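Report on one structure; see the data block that follows.
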Amino acid sequence: MADPLDHKGKIKEPLLSSSTTKGGLRALIFIIVNEAFERLANYGLSTNLILYLTREYGIDAVNGAQILYLHSAATNFTPFIGAFLADTYVGRYFMISFGCIACLLGVILLWLTTIIPGARPPPCVQFHDSCESASTLQLLLLYSSLGLMAIGAGGIRSSSLAFGADQLGKRDSLKRAGILESFFSWYYATVSVAVFLAMTCVLYIQDNLGWMVGFGIPVVLMILSTLSFFLASPIYVKSKAKAGWLDGFARVLVASFRNRSIKLSSQVTDDVYHHRKGSRLLVPSEKLRFLNKACVIRNPKEDLIPDGRASNPWSLCTVDEVEELKSLIKVIPIWSAGVLMSINVLQHSFIVLQASTMDRHITSKFQVPAGSFTAFQLFSSVIWIALYDRVAIPLASKIRGKPTRLGLKQRIGIGILSSSAAMAALAIIESVRRKTAIKEGFYDDPNSVLHISALWLLLYFFITGFAEAFCGIGQNEFFYTELPNSMSSVASNLFEMGLSVSNLIASLLVTIVRNFFKGNDQESWLSSNINKGHYDYYYWLLAGLSLANFIYYHACSKAYGPCKGQEGNATDGGEALTDED
């Protein structure tokens, strides 16, 4: 493919007008629009879905929250599977195409539940004995729509970023890497704007014009998303699939097991280990030494073929392959601490229920939709990121007299500790809300609006946004920095996979609390009636678990040692505070 950049690293005009040149800016526009519309559609449906389940299907709040936990877990896990399949077997273009069709079918099915009278239970007054439960066929239609949406999101999100990078050509053909960084920035900015619009505009329409119109808009958006992607098909650069990293991991494990009888010597030369031609890694590291047996050359004549490659890759691996697996194993404890922290961020279903019982009016005629309160977390994260990057960093650098920034592990730790404070704030707010409900005589009526402002919930989102700005972004940067370049696809999906695990743990935790934690009146903390339950106790439990998670993370951070670029107590390249400072 021709170089799409001029000598200044800018995109050339022919990409906008030529009908023969593939890739470039015009291809990127269609890819970004496709991803943005998919996010608009998915978040526009899932954010307010807890109210749809409780009001239209008669599902109680806790069961509804668990359904959404599982849906979110699937949505965050399928991109990991999609990335592997795209890189190894089917290619990125096919994976995104499949995702568009699956997601479109999912949103259409969910929209049909608002149109077809028999697709959901007949309306009734919630918590009355006369309410009819959803039938098996009605639930099957609902779950099928959610499943297709999760599969579709996995197909699109797993490959869009990498597919967009493919349109810019090979990295070594770029005059500067700035154009790729610019694409990443615009990609994430567009996605963030799409999510914000979904949590505000789409939810406002659902609250004021009803479910039929509110769910119909995501259908239109997904139709536009799918059409925009396929219309640009002739101009895409479509890279072929190749062997994936998972094969390399499997070979290292099998080879190290087969060679388990080998005794490793502390004094070896690079001739003893098998390494790629031209590789800088000639000798494996001393950590996780048992894996080093996978790259030991026992008999050069039998183990190697004339061109230097292994005669049996399942018995002899390269040093690079061994170190790639080691680097992944090393980051897992840090990753697991981030997983536990994310549980606090995934309480949106319960918070939407809280907000729906509080006064959400900004003016006498306008009130914020209950589901839109989650958008404040996104807004808070953006504010904190801007303050950290544009105010805190320059100020600290000026005070210290040299460029200064926090270390990656420091930022993750700050985020984990802040998440505990966020849950404590939410527990206090819920305690006051519940006392107000009892005082105003609504103990048995969880649907009544209380005389307490929902704006108090902004304190939780303010602190959670701070935690996400430090821990969430810090984790992503940590994975990209610590894992080798050849594992960039793994790094880009580790955080999303962590959110999937967080949802599963959150669902399990909700089940345990609901069944075994009860108040003096034997009512579960997570009762279907939010006024009878003690959701504040549940939030205090999460705050305590977050403190324990911070202690666990601190131990993992110490055991991990310095990040790349740090040695001993030196700063990161002389510009960052180390994680031990």
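Just so you know, the numbers here start at 1 and follow the chain as drawn.
Cβ coordinates come from backbone N, Cα and C, glycine included.
These features come from TrEMBL:
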type	residues	note
TRANSMEM	67-86	transmembrane segment
TRANSMEM	93-119	transmembrane segment
TRANSMEM	139-165	transmembrane segment
TRANSMEM	186-205	transmembrane segment
TRANSMEM	211-232	transmembrane segment
TRANSMEM	334-353	transmembrane segment
TRANSMEM	373-391	transmembrane segment
TRANSMEM	412-429	transmembrane segment
TRANSMEM	449-473	transmembrane segment
TRANSMEM	494-517	transmembrane segment
TRANSMEM	537-555	transmembrane segment
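Of the Cβ pairs linking the transmembrane segment (373-391) with the transmembrane segment (449-473) and spaced 6 or more residues apart, 3 or more are under 8 Å, so the two regions touch. Residues 27-28, 31-32, 34-35, 38, 42, 45-46, 57, 67, 71, 74-75, 77-83, 86, 92-93, 95-110, 112-113, 119-120, 180, 183-184, 187, 236, 489, 492-493, 496 of the same chain lie 6+ residues outside the transmembrane segment (139-165) yet bring a C-beta within less than 8 angstroms of a C-beta in it. For the transmembrane segment (334-353), the list of distant contacts is 47-48, 50-51, 54, 61, 64-65, 68-69, 72, 370-371, 373-374, 377, 409, 412, 415-416, 419-420, 422-423, 426, 457, 460, 464, 467-468, 471-472, 475, 478-479, 494-495, 498-499, 501-503, 505-506, 509, 530, 535, 539, 542, 545-546, 549, 552-553, 556-557, 560: same-chain residues at least six beyond its ends, Cβ to Cβ under 8 Å. Remote same-chain partners of the transmembrane segment (494-517), defined as residues 6 or more beyond its termini with a Cβ less than 8 Å from a stretch Cβ, comprise 62, 65-66, 69-70, 72-77, 79-80, 157, 331, 335, 338-340, 342-343, 345-347, 472, 475-476, 479, 524-526, 537-538, 541. Counting Cβ pairs under 8 Å to the transmembrane segment (93-119), the top-ranked stretch among 67-86, 211-232, 412-429, 449-473 is 211-232.
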